[in-house]
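Visitor: Straight out of TrEMBL:
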type	residues	note
REPEAT	14-105	repeat 'Solcar'
TRANSMEM	81-102	transmembrane segment
REPEAT	123-219	repeat 'Solcar'
TRANSMEM	191-213	transmembrane segment
REPEAT	230-335	repeat 'Solcar'
TRANSMEM	233-254	transmembrane segment
């Protein structure tokens, strides 16, 4: 009996590396399933209804999906897929790694202050939010360049041409490296970190999501006589509720970050915001304002409702993706653990 219970305990103990791998694989899977919704969501967020002359009714997720399919075919639904998957894997791996490492270190420090044999107390909501925000900030610093490139690819050249930011003439090369070179040519190397400030603010988004999820999960497990695990259905509901709450709280900054990274904020600028024509007769766009400046500009032109343009699309995509992640993460943890065991056996033999 003791020999059987001991391995069972080890199976539940994952290293930060294995936990990060499971989280990253789960995030890639969940985002791949809903990827067309992600492209439509990004197009809606960067489209100014004032600049494009569109009504709000034309910016529903279904209408945008149909418009993309009509103009670009089914490949338009998967524009920037490789870059987005790379961004998702790197960002989620970094987040889960830092989160698992910081959380386990924090719990160990708390346990050292307790009498020997005492079980560590459950973390408070404030502690969960703080740990999640710290992990999110660290992961954003290392992974945001890929996010900027993926956003540009999702938006596409045809959409960006409606902005005041000058684009090169000729056939469009929207490969990963070509987009990266274009960003550096427009804004310098620092252009790869466009949106880093709102990204730092948005670290509270996954912090709220995982903090609320962990707290509700612990409360449900305490209230029920279950075997210590939530059912897939309950995990789905908790994940959906947690992500919805986090999205509603932080959405204006989510929209501002996407517009900054896509340089779509330039499309919102009036003609008075542009600099005089240069020697080649091209209009030079004024340096884009930060998130607060962009939000104030949207508020003046479209009212408070402009801050929440595309929020329904964001919630649909984010909730489905996050819920799939919470449901599948446990399965990916088993696969990650099996991979770690196999890797350990192979290194032991060699």
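Cβ from N, Cα, C; glycine included.
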Visitor: Taking a Cβ cut-off under 8 Å, which residues six or more beyond the ends of the transmembrane segment (81-102) line up next to it in the same chain?
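Guide: Residues packing against the transmembrane segment (81-102) from afar: 14, 16-17, 19-28, 31-32, 35, 38, 131-132, 134-136, 138-140, 142-143, 146-147, 149-150, 153-154, 176, 179, 206, 210.
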Visitor: Please count the residues of the repeat 'Solcar' (14-105) that DSSP assigns to helix (H, G, I), strand (E, B) and coil.
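Guide: In the repeat 'Solcar' (14-105), the DSSP-based counts are 80 helix, 0 strand, 12 coil.
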Visitor: Would you list the DSSP helix, strand and coil counts for the residues of the repeat 'Solcar' (123-219)?
Guide: 74 helix, 0 strand, 23 coil
Visitor: Averaged over the repeat 'Solcar' (230-335), what pLDDT does the predicted model reach?
Guide: 74
